[in-house]
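Here's the structure, in structure tokens; my notes come after.
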């Protein structure tokens, strides 16, 4: 280690910042090679999520053709709402299954499973009946149930994997990859729907081929070292950690120190919990506090209308009075989300989680109240006909800055390692249950109380979301996973052990250099 490096590390120890955990200490140095390795791993893991994003947005491009009376086979209005919402009622079960699989078989094999069942779903829809409406409905429902499970499954594993392999300086951006790839998937399906407006089966075939490619890309990934340590597979954990940290040396002090920190963290959680159930573990403050916060965050995500716009993008555009082609409007929605998700990765690192979330809630409220005014005083066909389009795009822009993306990315970092899979899966279960409720009742809400009142309802929930973020949402920027756990446990101070271990590592590196 050079004199400059030594000075930088010692400066890190003496600067007035929040106390660092042992895990943070061993990760103070991030080489360019290690950063690139971690970025590539996180990107590859999240390619799986693109198919799920396609699945979320698929009803938007298929709904108009499936309910069009001029086609040979159509769905009734009731069947169409089940087609659009059935994925959301299955997503919670996918979320719970995700928690089980993450803890039982690991992060990597869970990604395998997501791709495999997604391929099955797309294949069923690709070859769905062209002659019988009843058969078509059954096939679509079966396929959407399967893809719903896949969507619920995919909401957690890739972001958990990214959080566990990434350096704290990279974790904020890499955990947002799940939201980014979901956005890419939706933009892709909206674009394919615009290009192939009258052939949703061919679109399904393209999605299926892509998912096969996604499965092949996941095969070379190493397993998460954190999960391997939790299963006491220390030898393999060390090999995978060397790959993740881009270190080839045998018995490297940083690798050894990080493994020790992981073991200590997991052992502490296991202490006096060996024979207790998952429900007993939920009674610990470092579990039930983030669980309550994240479930509330997901509630506001769903009941502010975000997923309504995503799933009903084309028809919602018509309801909102957008003057352009509804399929093209859906593409604009998807494109806005992709661009904003990219911006979010930088905004989150610079400003943290809370400020973007507050701005997001404010922007969403303004846009919904604006759409309500446009619904009460229609502007379509006038010189102000562009306003609903701008408000719709602005809503997606501001939602993506906070309420759409942050619940998923924060869900991967607020729970202890030992119960992260189960707790994050339980949170996803709650979130998608809320999604099913709002997607199923949305058409009835429009019919019962009218567009303007629905928009006002979403706007008021956005205002309440701002209040929740201000008073309850914690800041996780720059904190290690262990520090976040300590925060919820109420241990806001740490011992001098981190500094001692850091100095020990520093001396070991200097001795190795000499």
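Every residue gets a Cβ built from N, Cα and C, even glycine.
Just so you know, TrEMBL annotations never went through curation; they're auto-generated.
What TrEMBL lists as domain 'Major facilitator superfamily (MFS) profile' is 41-477.
Under the heading region 'Disordered', TrEMBL lists 1-25.
The transmembrane segment annotation in TrEMBL covers 39-62 (among others). Residues 83-84, 87, 107, 111, 114-115, 118, 121-122, 147-148, 150-151, 154-155, 157-159, 161-162, 165-166, 170, 174, 177-178, 180-186, 188-190, 192-194, 197, 200, 203-204, 207, 210-211, 214-215, 217-218, 220-222, 244, 307, 310-315, 327, 330, 334 of the same chain lie 6 or more positions beyond the ends of the transmembrane segment (39-62) yet place their CB under 8 Å from a CB of it.
If you look up TrEMBL, you'll see 82-102 (among others) marked as transmembrane segment. Through the fold, the transmembrane segment (82-102) approaches residues 55-56, 59, 62-63, 66, 75, 109-110, 113, 137, 140-141, 144-157, 160, 227, 307, 311-312, 420-433, 435-436, 439-440 of its own chain, all at least 6 residues removed from its boundaries and within a Cβ separation under 8 Å.
Residues 45, 48, 51-52, 55, 73, 101, 135-136, 139-140, 142-144, 146-147, 149-150, 153-154, 157-158, 161, 200-202, 204-205, 207-208, 211-212, 214-215, 218, 221 of the same chain, all 6+ positions outside the transmembrane segment (111-129), place their C-beta atoms under 8 angstroms from a C-beta of that stretch. Summarising the annotation, TrEMBL assigns transmembrane segment to 111-129 (among others).
Residues or ranges marked as transmembrane segment in TrEMBL: 141-162 (among others).
Among the features that TrEMBL reports, transmembrane segment is placed at 174-194 (among others).
The transmembrane segment annotation in TrEMBL covers 200-221 (among others).
According to TrEMBL, the feature transmembrane segment maps to 291-315 (among others).
Positions annotated as transmembrane segment by TrEMBL: 327-346 (among others). Remote same-chain partners of the transmembrane segment (327-346), defined as residues 6 or more beyond its termini with a Cβ less than 8 Å from a stretch Cβ, comprise 57, 60-61, 172-173, 176, 179-180, 183-184, 186-191, 193-194, 197, 309-310, 313-314, 317, 356, 389, 392-393, 396-397, 400-401, 404-405.
Per TrEMBL, the feature transmembrane segment maps to 358-379 (among others).
The list of residues near the transmembrane segment (385-409) in space but at least 6 beyond its ends in sequence, with Cβ under 8 angstroms from a Cβ of it, reads 155, 159, 172, 175-176, 178-179, 182-183, 294, 297-298, 300-301, 304-306, 309, 316-317, 320-324, 329, 332-333, 336-337, 340-341, 343-344, 347-348, 353, 356-364, 366-368, 370-371, 374, 379, 431, 462, 465, 469. What TrEMBL lists as transmembrane segment is 385-409 (among others).
Here TrEMBL flags 421-442 (among others) as transmembrane segment.
What TrEMBL lists as transmembrane segment is 454-473 (among others). Same-chain neighbours of the transmembrane segment (454-473): 293, 296-297, 300, 303-305, 308, 353-354, 357-358, 361-362, 364-369, 371-372, 375, 402-403, 442, 445-446, counting only residues six or more beyond its ends whose CB sits under 8 Å from a CB of the stretch.
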Two-stretch contact, the transmembrane segment (291-315) and the transmembrane segment (358-379), at least three Cβ pairs under 8 Å: yes
Mean of the pLDDT scores, which run from 0 to 100, over the domain 'Major facilitator superfamily (MFS) profile' (41-477): 83
Cβ-Cβ under 8 Å with the transmembrane segment (141-162): same-chain residues at least 6 beyond its ends: 41-42, 45-46, 48-49, 51-52, 55-56, 58, 82-83, 86-99, 101-102, 107-108, 110-111, 113-114, 117-118, 120-122, 124-125, 128, 171, 174-175, 177-178, 181, 224, 408-409, 411-412, 420-421, 424-425, 428-429, 431-432
